[in-house]
Amino acid sequence: MKKQGILNSHLAKIFADLGHTDRVVIADCGLPIPDGVKRVDLSLRIGEPSFLEVLDVVESDLVVERITIAEEILTHNSTIADSLKERYTSIDMCSHEDFKREVAKAKVVIRTGEATPYANVILHAGVIF
């Protein structure tokens, strides 16, 4: 049995297989997930687990080169937006409609119980060297 890191076997396998620039989405409970994109649904009930709780765990296991967020988060969810701006220096922004199209390019979408507007992020994998 693993003693540290991600215990979820699906996520551990996906993360081990990621390459440079591969995409991982952490999503609120309302983001539509395109057919054909792997999903790991962690949602238990509204608000649990939260977007930031999941992001904290994923960040501890994944090298993130940059992120992409929907520009609407800046005006509709300043709490999450501020947290993302504190964590990352390389942030791409696009409209929410464009964001949803970009989700189709992800290796996995991790669905949380988050129920606040636009609490979604695309993490672009970096390299450890």
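Every residue number used here counts from 1 along the chain in the order it is shown.
Each Cβ is built from the backbone N, Cα and C atoms, and glycine gets one as well.
Remember, predicted model here, so these are calculated numbers, not experimental data.
As annotated by Swiss-Prot, active site, proton donor applies to H20, with the evidence given as sequence analysis. DSSP assigns H20 (active site, proton donor) to coil in the three-state reduction, outside any helix or strand. Counting every protein chain shown, 11 other Cβ atoms lie within 10 Å of the Cβ of H20 (active site, proton donor).
Among the features that Swiss-Prot reports, substrate binding site is placed at D28, H96, Y118, A119, N120, with the record citing sequence analysis. H96 (substrate binding site) carries a helical DSSP state (H, G or I).
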*Determine the most Cβ-crowded residue among the binding-site residues H96, Y118, N120, using a 10 Å radius around each Cβ and all protein chains in the structure.*
N120
*So around the substrate site, D28, H96, Y118, A119, N120 aside, which residues have their CB within 8 A of the centroid of those CB atoms?*
A27, G30, L31, I69, A70, E72, I73, N77, I80, F99, E114, T116, P117
_Other C-beta atoms that fall within 10 angstroms of the C-beta of D28 (substrate binding site)_ = 21
*Most distant Cα pair in Å, residues D28, H96, Y118, A119, N120 binding substrate*: 13
